[in-house]
Amino acid sequence: MFDNHIHCHELPAEELEEYRREWTLVCVSDDLATSKKTLEMEGVVRCLGIHPWQVEKAEPGDLSTVLKLLERREVPCVGEVGLDKRFVPHSFDKQREYFRAFLRAARELDLVVNVHAPDAWADVVEELRRSDVDRALIHWYTGPLHLLDTIRDLGYYISINPAVTIQKKHQEVAAAADRRIVLVESDGPYEYRGLRLVPPLIEKTVEKMAELWSTTPEYVREIVEENAKRLWRRLW
């Protein structure tokens with residue numbers, strides 16, 4: 001089963017190996033150093049990028065170096081990239097500069113974009129639309145419900161993670177979204193309200209989604225896996 005957004009470079013080696021055996025891990029990066037680490041990982045889906053929280057710390061040349069690494073054949077994904085008005089609004093202009101550069105690369109190289117967008121949901125959707133990127137995933141979506149149809153119509157996806165068991169807004173999104181655009185993730189090993197988000201908790205995510213959809217966990221698993229295989233079709 002796919003975990004569509006996880007920070008593999010933050011996990012101890014033994015824990016990462018355990019998850020790698022059981023899951024298809026989509027490993028996102030935060031900066032140049034972690035992009036290089038992700039590139040060295042075997043048996044995972046590699047996403048390289050510079051996180052919005054890290055753009056101010058980036059050295060001159062980091063952006064161009066990561067963009068060059070994206071040209072490698074074994075890299076199907078840009079991430080974690082995006083915009084953030086919630087936690088780092090002061091660096092928004094630089095975030096947008098970096099995001100646009102990554103979107104151009106994704107368009108030219110036919111890469112999936114694994115996106116971070118807290119409180120910049122509409123901005124991110126507009127940037128994706130303008131860039132004409134073919135495939136994108138907006139992770140841990142808790143944005144406006146009215147944007148979900150636009151995301152669907154553009155051919156993009158959102159992901160739901162274990163926070164859905166306790167976060168009301170995430171529950172509302174999971175219930176309202178067109179099922180054809182919904183994926184699951186852990187965002188591990190991030191901690192949210194005392195909950196360490198790791199791949200095994202995706203089972204609880206699936207159970208909560210089944211409750212919200214008034215269906216079975218088996219049906220949810222089938223749907224999110226079909227969706228993931230469409231998104232990651234370049235892997236086959």
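Positions of Cβ are set from backbone N, Cα and C atoms, glycine also.
All annotation found in TrEMBL is predicted automatically rather than curated by experts.
Record features, source TrEMBL:
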- H5, H7, E80, D187: divalent metal cation 1 binding site (BINDING)
- H116, H139: divalent metal cation 2 binding site (BINDING)
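Overlay of TrEMBL feature records on the structure.
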{"residue": "H5", "record": "divalent metal cation 1 binding site", "contacts (Cβ under 8 Å, 6+ apart)": "V26, V28, G79, E80, N114, L137, H139, W140, S159, N161, E185, S186, D187"}
{"residue": "H7", "record": "divalent metal cation 1 binding site", "contacts (Cβ under 8 Å, 6+ apart)": "C27, V28, D30, D187, G188, P189, Y190"}
{"residue": "H116", "record": "divalent metal cation 2 binding site", "contacts (Cβ under 8 Å, 6+ apart)": "H51, P52, E80, V81, G82, L83, D84, H139"}
When you average the Cβ positions of H5, H7, E80, D187 for the divalent metal cation 1 site, which other residues in that chain have a Cβ within 8 Å of that mean position?
I6, V28, G79, N114, H116, H139, E185, S186, G188, Y190
Taking every protein chain in this structure into account, which of the binding-site residues E80, D187 has the most other Cβ atoms within 10 Å of its Cβ?
E80
So if I draw a 10 Å sphere around the Cβ of H139 (divalent metal cation 2 binding site), how many other Cβ atoms end up inside it?
24
Helix, strand or coil by DSSP: which one applies to H116 (divalent metal cation 2 binding site)?
strand
